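Engineer: I have a structure I would like to understand better, so I am pasting it below and will then ask my questions one at a time.
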Amino acid sequence: MRPLTIIGPTGTGKSDLAIEIADRLSGKIAVEIVNADAYQLYRGMDIGTGKVPLAQRRGIPHHQLDVLDVTETATVAGYQRSAAADIEAIASRGALPLLVGGSMLYVQSLLDDWAFPAKDPAIRARWERRLAQVGPARLHAELVRRDPAAAAVIPLNDARRTVRALEVVEITGRPYAASAPRIGSPRWDSAIIGLDCETKVLDERLAARTKAMFDRGLIEEVISLLPCGLARGVTASRALGYAQVMEALKAGADTQALDSARQQTCLATRRYVRRQRSWFRRDRRVRWLDATVSTAAHRTAIIEAVLGAWRRAS
């Protein structure tokens, strides 16, 4: 069965919509949800990632949730292999694979069946030594000189992606982006729906979302994960909210530090949303729906529009 994909910025209600769609199809078509959020892969990282609690999943099978320990490194290539296998297995059972998430590379690696550039451990080790010597900012400046286009989309503090880009540029002799496939027909002919809303409204939702995360126990969740190795995790330690809380804990965890962590989490999430919008909006295959209004009638209209687009594609 042809998959349905729901993408869009953080805070637009993608996960809730997926469950509502599965409910709407209940008794007609079985639906299984496949996560495409990098940090929801991690066990124990629930509150800060916006993971739908088990009790609220309404018995709908979910895949690619809670599959990694916080000390394990999440990779796009590893996710692509596992999620593609899930999607094909779901379809083979006659069920609808519903891919949901906002991690840009994870979504595109699946929909465009990326082939990943080769790796060279010796070259990577050399760049990692360089990183240890000069730090993330100066290494990123090196990427600016070698591949300005890659540097423009890789955040200054994302040392892991900076190292990978420099490795690929050295191996291939071409810009990092040249290794990415062109956007064509989506894999499995998936219907792709994008959710977004007015910036002012989304900013308000992100502020409320951040407050709710802290009120529900994000700080306690981070503290509980520290003995599990959260601070050592290459990927998990960079998650929005978790990184900011760990900094506050290092600073003494007083009221001022924790308030700052909440403010910085909200600001970082807004910056991330801008990157998500920039990335997803360039994909002309996406049918965008406005999730600004949250009334029951408008929600019903969105569900009908999503199902209509999927049925037409099928």
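Each residue, glycine too, has its Cβ placed from N, Cα and C.
The structure displayed is predicted, hence computed values, not measured ones.
Found this in Swiss-Prot, in case it helps:
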BINDING   Gly8, Pro9, Thr10, Gly11, Thr12, Gly13, Lys14, Ser15  ATP binding site
BINDING   Thr10, Gly11, Thr12, Gly13, Lys14, Ser15  substrate binding site
SITE      Ser103  site 'Interaction with substrate tRNA'
SITE      Arg124  site 'Interaction with substrate tRNA'
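Would you situate these features in the structure and describe their surroundings?
Structural biologist: According to its DSSP assignment, Lys14 (ATP binding site) is helical.
Non-local contacts of Ser15 (ATP binding site) by the CB criterion (under 8 A, 6+ apart in sequence, same chain) comprise Gly50, Val52, Val100.
All protein chains considered, the CB of Ser103 (site 'Interaction with substrate tRNA') has 22 other CB atoms within 10 Å.
If you take the C-beta of Arg124 (site 'Interaction with substrate tRNA') and look for same-chain residues 6 or more apart in sequence within under 8 angstroms, you find Val163, Arg164, Glu167.
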Engineer: Hey, how far is Gly13 (ATP binding site) from Ser103 (site 'Interaction with substrate tRNA'), Cα to Cα, in Å?
Structural biologist: 14
Engineer: Test of understanding: give the count of other CB atoms lying within 10 angstroms of the CB of Gly8 (ATP binding site).
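Structural biologist: Cβ-Cβ neighbours of Gly8 (ATP binding site) within 10 Å number 26.
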Engineer: Fill in the CA-CA distance, Gly8 (ATP binding site) to Ser103 (site 'Interaction with substrate tRNA'), as an integer in Å.
Structural biologist: 9
Engineer: Around the substrate site formed by Thr10, Gly11, Thr12, Gly13, Lys14, Ser15, list the extra residues of the same chain whose Cβ is within 8 Å of the site's Cβ centroid.
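Structural biologist: Same chain, not in Thr10, Gly11, Thr12, Gly13, Lys14, Ser15, Cβ within 8 Å: Gly8, Pro9, Asp16, Leu17, Gly50, Gly102, Leu195, Ala291.
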Engineer: Can you grab the distance from Thr10 (ATP binding site) over to Ser103 (site 'Interaction with substrate tRNA')? Cα atoms, rounded to a whole Å.
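Structural biologist: Distance between the two Cα atoms comes out at 9 Å.
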